[in-house]
Amino acid sequence: MQTVHEMLRRAVSRVPHRWAIVDAARSTFDICRTGETSRNEGSATARLWPQPARPLAVVSGNSVEAVIAVLALHRLQAVPALMNPRLKPAEISELVARGEMARAVVANDAGVMEAIRTRVPSVCVLALDDLVSGSRVPEVAGKSLPPPPCEPEQAGFVFYTSGTTGLPKGAVIPQRAAESRVLFMATQAGLRHGSHNVVLGLMPLYHTIGFFAVLVAAMAFDGTYVVVEEFDAGNVLKLIERERVTAMFATPTHLDALTTAVEQAGARLESLEHVTFAGATMPDTVLERVNRFIPGEKVNIYGTTEAMNSLYMRAVRIAGTVMRPGFFSEVRIVRVGGDVDDGCPTVKRASWRWRRRMRPFQATLTNLRLLQKSFRKAGTGRAICVRDGSGNIVVLGRVDDMIISGGENIHPSEVERILAAAPGVAEVVVIGVKDERWGQSVVACVVLQPGASASAERLDAFCRASALADFKRPRRYVFLDELPKSAMNKVLRRQLMQHVSATSSAAVVPAPAVKQRTYAPSGRAIAR
């Protein structure tokens, strides 16, 4: 077992002068200097954070300073609780209060700092720049800090979910889980150990992927981490070419924008060897463009938060929902009452020995440990899947996203995949809204391409001409300028449902010409 500190300490001994971090301004830290900086900063900060093994809020986006701060706090035996700076100040302060944190480091946002001080006056709040000042970290005389404890079950880091269904929930990552969260980039994504690795830091550090699978993997594999503070497709394209990036982890939204930039610039990106994506369903049209304009092996990852990586598929050339179980996990396809045969759509449960531990709002770390066994027994069954005889698993969607209309199960991804190919459609999300007669009604929320035009009637005709079953056609269309999304580019479906339920501007299309079955409580079919 290796902690994050141990993995980076060994990398220092192997390649002491390798550039570990590079940012857009071409500021560089070699791996040895990064280790020394975090060690010195940890010593300098010890007076402010004398409580090892306690969670401590870190509110920051991607930056060299954020990397140094998190590594220093980890070196200091604190438990960095990384938070999304795009959350509202009131939400961040509430997370600090409910997490019972006594310290917070904030990336120079006066509003957030004031909100924390107001909500929890006892919290010591420090600006990130006051903790870390680039290369001007003060040298500290005296004895060096002892190595961080290596108790397997001790909390190492806290990450928060994307908050698609409300205030984000904390996930505590124990020390023993760090190594596997890095190594899966080798076992599933094909990343090889060596100083040839130049990894693009596109994913946010406050997400488990952005921290473990991108930052720590790049440095622990003796490579270089290229910081991306703000995503702009044109600037990222230039950064990839300038730094000769060999690997990147991105969301479908990132890749969609990047393929457009590559096409417009006529770039080739010949240095890219590995492209891994997750965070949302990959539309077929975007996947085709990714394979056309972006080189390197493509890997689709599913389940990075709940079970580190429960499913994946390498050499992706077709619809991105056909996947296989990952090296560190086993998958059962179940329903209430037991397992099911291959070919039947039902719920996936992933088992992973070092699965995350859920952190309830009011729970302390002690209470958290008491919940660990029950969480392991519960599994992480949230995906509707079909497994074929070869062991391939097709992810149809999430259990809580499934629409039940007139007794029929409708998976949003089935409808979204059809509509995504319609002329003029840039993005589409299908949701179910309450319907007095049918329980739920299918609604398509559509973002059009710049300059494009479309109507509910045209999109409905497109669905009628497709292979989509008639009862699955959307009954309403809502045209939006943009979709509400989290920092991981996941659509915030609850916000979308609230918006659609409150609006009367949705275009309504005719009911289907064919009959749809619905079911009475007795189980007898009723013609629709």
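Heads up, the Cβ atoms here are built off N, Cα and C, so glycines get one too.
Listed in Swiss-Prot for this protein:
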| type | residues | note |
| --- | --- | --- |
| BINDING | 161-169, 300-305, Asn409 | ATP binding site |
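The structure, with features from Swiss-Prot marked on it.
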residue: Thr161; record: ATP binding site; Cβ neighbours (10 Å): 22
residue: Leu167; record: ATP binding site; Cβ neighbours (10 Å): 13
residue: Lys169; record: ATP binding site; Cβ neighbours (10 Å): 17
residue: Ile301; record: ATP binding site; Cβ neighbours (10 Å): 24
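In the three-state DSSP assignment, the secondary structure recorded for Ile301 (ATP binding site) is strand.
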